[in-house]
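Novice: Dropping a structure here in structure tokens format, bear with me for questions.
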Amino acid sequence: MLVPTVVEQTSRGERAYDIYSRLLKDRIIMLSGEVNDQMANSVIAQLLFLDAQDSEKDIYLYINSPGGVITSGLAMLDTMNFIKSDVQTIAIGMAASMASVLLAGGTKGKRFALPNSTILIHQPSGGAQGQQTEIEIAAEEILKTRRKMNQILADATGQTIEQIKKDTERDHYMSAQEAKDYGLIDDILVNKNTQK
């Protein structure tokens with residue numbers, strides 16, 4: 001993927017940044033693509049850096065992701081909760097699966113979606129092979145993970161565990177308005193002036 005470069009004029013001349021570094025100067029982190037360990041490490045490093053730089057200012061996490069590895073997502077979620085800075089989450093395009101949990105895990109009152117965003121919640125998926133006991137262990141682990149994810153979503157949305165369990169039984173797609181009504185986000189951003 002070609003990463004655009006931004007050129008800025010400074011007192012010492014011109015300075016070129018890749019677009020993501022330039023956005024980071026404005027406390028903006030882009031979470032796009034599949035959630036995996038590499039993405040998580042990058043996002044976590046940026047969260048920690050911005051929090052150390054100024055923990056009184058908000059961090060803006062823009063999310064456009066189909067989801068991915070749960071442990072990678074939970075590492076980011078734990079870091080979002082660990083740092084002092086408020087983390088505004090903004091869905092752009094798609095926030096699905098683990099990405100929807102990260103969207104809902106932003107600072108309450110500061111979780112947003114753009115009007116044409118799609119949000120998807122569902123139960124964790126996985127597979128196992130090997131001996132029967134190994135398959136049983138893997139099955140128990142995915143059930144434990146599902147309970148954990150349901151609790152995280154219930155805490156973030158105000159929905160009951162029973163409702164979350166029912167709604168995540170199959171893919172549950174939501175528009176920005178439906179996600180707001182459900183409690184996954186707090187507001188819909190039509191333009192930057194409506195952002196808090």
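Just so you know, the numbers here start at 1 and follow the chain as drawn.
Cβ coordinates are placed from backbone N, Cα and C, and glycine is handled just like the others.
Okay, these came from Swiss-Prot:
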- Ser97: active site, nucleophile (ACT_SITE)
- His122: active site (ACT_SITE)
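In terms of burial and nearby residues, how do these features look in this structure?
Specialist: With a cut-off of 8 Å between CB atoms and residues at least 6 apart in sequence, the same chain places Val35, Pro66, Gly67, Gly68, Leu120, Ile121, His122 near Ser97 (active site, nucleophile), listed in sequence order.
The Cβ of His122 (active site) has 17 other Cβ atoms within 10 Å, all protein chains considered.
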Novice: Give the three-state DSSP assignment (helix, strand or coil) for His122 (active site).
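Specialist: Looking at the DSSP assignment, His122 (active site) belongs to neither helix nor strand, so coil.
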